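Asks: Before anything else, here's the structure in question.
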């Protein structure tokens, strides 16, 4: 460990020496810019923008732009960034993480790289953990940016789409991580480009970067659609499907496991559901229910594909013949089977779109972050986000007294000691911040302090605005604040009058967190900006971390030292080392777990990029989507011909090709087997595509203008893509949950997931092609399509 620390320190020293040279260039402009009038300083912004347009890079502009922001901060905010803050700003501009201790002015540090990068006009996002901090920083720092001629937007959950669009179109946008993620997902669900709110993701500076990119890395952002109210539709579709006659109303293709309505079946469906045209784009949802009802009734076999047990439809694994507990068919097929068998139809909320923070933030062209604690996770930041963690020196030397851990045999004896310490420090008026890992612990400790008549405040994360006030007052003389898991990040604890004289803020940890980083955050609340302060952790052999790791060795150590008294205390570097080694093991496990999630999510990321890219192409198109639709139809035709016209001509199934053409492309009486006889597979494909071209031309004539045709094409493609994509997300989720079992068969679950996921994606693309073909070719176009 000592060697690793040494390497870190030496590597940082080299980096800081390199950054010092750039920072010195910034400081060299101080006198010159200090003499400029306000108007001349403000005129620098349009000058920089012009120079950027003419080819100067942001790196070229850095010294002057940083000097401008620095002088502006002095005039507008009354704050003048120190040399170390310039260093931090350069690290952020370079797309790395600036590790700056609490109280070193991270918010002011960010103003310089934010201003510099906003010059490009491509947008800068300042990302915070909650809306309170977002609004606070945007309001305070916004004064500086506005003065320098930059626009500032605040994004929030309550904002309307118009307000969000305005916020994202500003030069600088303040937002929470969650809201950026949900806006990204919603933008990829809209039908019209004017409904989108975001611009391409350009540059983000994440405040408390470890909290967002590590602690919340595994949290998926999910937009769910309500599928309630669909039970009735499954039942109606099922009742209709049961009235049909094989080969008269529908045709089954066992090879491809598909079932399609024939013209008579379509006519019956239109009569049954009271429709003019079953394949009108307004009936996409009904078509879905009908398709699933047909599959459930005429493809899926009871006691082969599924069994009914205790009023539930359970899937049978086709390989093992075993029941697959907890698994459900996706795409609504399971509900269709439940309707078929008259058992209770289980509603499901449907995932419409999802993404993890890991993959959201990796989409930015440039990403940077700042925090007081990131060095312990350096490897993860480098490997997953390609960001280095650079420790920025403090402006004043740190004099906080970090004491070795105190270890007690029992929880009871530990808390007795904690309460005793609080009493002693409270008597001399020294303010205290007491960190607990769990809410129950903070409530227990609060109860103990009530018994001792010690006034105190308990902090939980329910009210961010109030929380910030409580944390800000935690440095006043005599204040006692109990905080769970570092509530109040982002707010400085400033020392009140007379507090330095009694030793500054005392931080007391009531147990070690499983992450060293969280412990370091707690310690870091004391001793800001060269203030005095103290930190002390109290542990017991009954703490969670000690029970899980390393406790045996420590017990043996205590026995060797003949420690039998419950109130005995041990203060030893060996104890601290043991605890840190336990923490490192947990951190390693957590990192492996996050990396594992990312490897699985990367499969979805690649697929998401393809689908969202296609959606973007469709939404942004302004002339015609014929170049998109025609290849989809061509691929569908080719797949069908290849499936049914393989090998010798005597084995070809021309009836199946005709059935396909009638179901998905042309009027039923307009094509027969005679039209295809004597043709090679390539000639059949050419013949069918020729028919497609004619139908396309007819549709174009039916509409007033190209704009109407484009609108029709967009609606068809987007409805089909979105319907299949949401089903695919569900299917991939189910695959992900079940794939671990393959590990028992000596198969690599990740490789299996990648392979099956790719296959499912290919199948989905084929389904999208087919449904787009069917909807586009079979729809009757009404005049004047309404949005």
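Using the three backbone atoms N, Cα and C, a Cβ is placed for every residue, glycine included.
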Asks: To which of 85, 521, 536 does Swiss-Prot also attribute binding of ATP at the site defined by 103, 104, 105, 106, 107, 492?
Replies: 85
Asks: Taking the residues the record says bind ATP (85, 103, 104, 105, 106, 107, 492), how far apart in Å are the two Cα atoms that sit farthest from each other?
Replies: 16
Asks: Cβ distance under 8 Å to residue 85 (ATP binding site), same chain, sequence separation 6 or more: which residues?
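Replies: Residues satisfying the criterion: 104, 105, 108, 109, 112, 395.
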Asks: Neighbour count, 10 Å Cβ-Cβ cut-off, for residue 105 (ATP binding site): what number do you get?
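Replies: A count of 19.
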Asks: Going by DSSP, is residue 104 (ATP binding site) part of a helix, a strand, or coil?
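Replies: DSSP assigns residue 104 (ATP binding site) to coil.
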Asks: Is it possible to get the count of other C-beta atoms within 10 angstroms of the C-beta of residue 492 (ATP binding site)?
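Replies: Around the Cβ of residue 492 (ATP binding site), 19 other Cβ atoms lie within 10 Å.
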Asks: Neighbour count, 10 Å Cβ-Cβ cut-off, for residue 106 (ATP binding site): what number do you get?
Replies: 26
